[in-house]
Amino acid sequence: MSRFKLTLEYDGSNYAGWQRQAKLHTIQGALEQAIFRFSGQQLTITTAGRTDAGVHATGQVAHVDFIKNWPPHTVRDALNALLRQQSEAISILNVENVPDDFDARFSAIKRHYLFKILNRRSPPALNAKRVWWIPKPLNAQAMHEAAQKLVGQHDFTTFRSAHCQAKSPIRTLERLDIQKEGEEIFIYAKARSFLHHQIRSFAGSLMEVGIGRWTAQDLEAALHAKDRKRCGVVAPPSGLYLTKVEY
């Protein structure tokens, strides 16, 4: 068996998330279909991050084991051709051989996410499924300053889904920066791992700061409350991107 590491991007708008589900269109299902057509093997592809329905990726990482040691460029080009035939919004950016002990999920040491907000009065006509449109003016500087209250090791119970299956709500957030570029506001997050809906919960709560409804102290109080009910609105998946995985 030969293990291959795949780096890929996808538009998650029309998928029911990464994880294979019966009768639903998923990223994993589409990839495994292409892999079967290429290799004749019924294989399971393992990913660094099982993104939710509607979430995108520009730097997702996965691994798969083939019986044959194909040249990496052959795997990339063949899978991309098959994905195009299947009309999938998925592209394999890079393929490389890796040792058998490499695991796309468990070998990862950092995950980077980006959340995009379109902040203008007019709604988006072109990228409606790739941003969170907020027509009210946002104070990006206030959002950035408040976000620093969340950086570090904390119990993030307030900012995780009630359905989160993680054993512990404690995570170490290494970066949470907010930058404004023209009509867009970008939220950059980095950690070894994240809780279910954590970044979308951050984005929704920071929106409350941006419109002036919350202060930085309100955000900090919500964090320390360790109470899901204290979270702001959960932002939609359309603005969220997995951008990079470090190993």
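Every residue, even glycine, has its Cβ placed from backbone N, Cα and C.
Copied over from Swiss-Prot, here are the features:
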type	residues	note
ACT_SITE	D52	active site, nucleophile
BINDING	Y113	substrate binding site
The residue listed as 'active site, nucleophile', number of other Cβ atoms within 10 Å: 18
Euclidean distance between Cα atoms of D52 (active site, nucleophile) and Y113 (substrate binding site), Å: 13
Neighbouring C-beta atoms (10 Å sphere around the C-beta of Y113 (substrate binding site)): 27
